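> Below is one structure. I have some questions about it.
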Amino acid sequence: MLTYETWEENDVSFSKEDETKGALSVLSWAYKEYKSEIVYACSFGVEGMVLLHLINQVNPSAKVVFLDTNVHFQETYELIQKVRERFPSLNIIEKQPKLTLDEQDKLHGDKLWESNPNLCCKIRKILPLEESLANEKAWISGLRREQSETRKHTKFINQDHRFQSIKVCPLIHWTWKEVWRYVYKHSLPYNPLHDIGYPSIGCEKCTLPVGEGGDSRDGRWAGKVKTECGLHYQ
């Protein structure tokens, strides 16, 4: 088994010529390699809808973890329920932070997402994912190379130094148009915020709509240097 500790540049070959640009092949390899020791960390963005549909074909009882920061859009929570109905066999876990919002306010002051967004992300996303990955050998992410400069070198199989794990990224070669084409073709549910200018959807407090021609992640932490929550730093 390929693990963080036994990592070497792997020579596993995945064909990119099929409809899924290698995604199904990558997922089939991952679930064969890691069996029950792999989890998909899903934010329920539009890429997530594609991956959930593909994962359901490969492993209908797969583990899916949603990092519930308690400050997501209501539309996101409603979408999760729709996904549960569409894919009832998937094991969707809504992972909570250890601190409630009130406890966080008492320890760090009100509106931590404004005063110290990095700490807020650490408490409400990074630490919960660390806990979720503690007993796993690998995790799946919906990163695409097209999304941003920080993601353009992502590979199918990555050694993840941040979480000392293997990170599997099946959608690296997909374009934004291809993601949506797949969603429409298979009549997949998606967050209606995508229809009103939100290409990337995170917490309600830190996500704004993006103007025409803007980068897909321009609405995340708008006005701040921050562009990532920290889950995908190496």
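Each residue, glycine too, has its Cβ placed from N, Cα and C.
Small disclaimer: the values here were computed from a predicted structure and weren't measured.
Okay, so Swiss-Prot annotates it like this:
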- C229: active site, nucleophile (ACT_SITE)
- C120, C121, C203, C206: [4Fe-4S] cluster binding site (BINDING)
> Is it possible to get the count of other C-beta atoms within 10 angstroms of the C-beta of C206 ([4Fe-4S] cluster binding site)?
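Its Cβ shell of radius 10 Å holds 20 other Cβ atoms.
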> Any same-chain residues 6+ apart from C203 ([4Fe-4S] cluster binding site) with CB under 8 Å of its CB? Would you list them in sequence order, or say none?
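Once residues fewer than 6 apart are set aside, C203 ([4Fe-4S] cluster binding site) is near T69, V71, H72, W113, R124.
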> Specify the secondary structure state of C206 ([4Fe-4S] cluster binding site) as given by DSSP, simplified to three classes.
helix
> Quick one: give me the count of other CB atoms within 10 A of the CB of C120 ([4Fe-4S] cluster binding site).
23
